[in-house]
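Data first, discussion second: the structure below is written as structure tokens.
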Amino acid sequence: MIIYRDLISHDEMFSDIYKIREIADGLCLEVEGKMVSRTEGNIDDSLIGGNASAEGPEGEGTESTVITGVDIVMNHHLQETSFTKEAYKKYIKDYMKSIKGKLEEQRPERVKPFMTGAAEQIKHILANFKNYQFFIGENMNPDGMVALLDYREDGVTPYMIFFKDGLEMEKC
């Protein structure tokens with residue numbers, strides 16, 4: 001399995017269990033997710049071992065809640081954040097500088113294509129700004145990557161967009 005981590009915060013962003021495709025001439029990765037519901041707080045009797053107690057009513061004392069969300073967000077503990085268009089412009093400008101610096105150190109051949117492609121992609125993001133929800137890694141590092149969540153035309157299928165050059169891959 002491959003884990004994709006944020007190059008700056010080192011937070012886990014997603015893994016290769018999802019359908020991943022390159023978009024924007026290889027500048028970004030689009031990761032398709034699913035809406036899922038999970039029950040939290042419910043303890044399965046098979047995990048406890050032994051027999052269920054005969055002393056009290058069945059299920060007493062266990063409260064469970066059902067949480068519904070996008071599997072990528074829930075599995076990798078991504079945290080939702082919000083931006084005004086102006087705040088996002090400021091963030092993305094600083095983020096691009098950070099990634100450019102990392103690329104200059106590690107992969108100088110990627111600097112020019114990244115900077116050229118990023119400008120186009122940012123125009124596209126800003127043009128569709130109201131469609132997106134924004135997510136950052138578990139540690140909520142404000143300098144790290146902000147992933148974008150949108151839904152396909154069907155209104156049901158969620159997908160997330162990540163800048164490919166802002167990710168590092170870790171084989172597990």
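Here the Cβ of each residue, glycine as well, is placed from N, Cα and C on the backbone.
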Annotated phosphoserine residue, as Swiss-Prot has it, among SER37, SER53, SER82: SER53
Residue from SER46, SER98 to which Swiss-Prot assigns phosphoserine: SER46
SER15, SER64 - the residue Swiss-Prot records as phosphoserine: SER64
Secondary structure content, the region 'Required for reduction of TSC22D1 protein stability' (70-172) (per DSSP, counts of residues): 53 helix, 24 strand, 26 coil
All-chain count of other Cβ atoms within 10 Å of SER64 (phosphoserine): 11
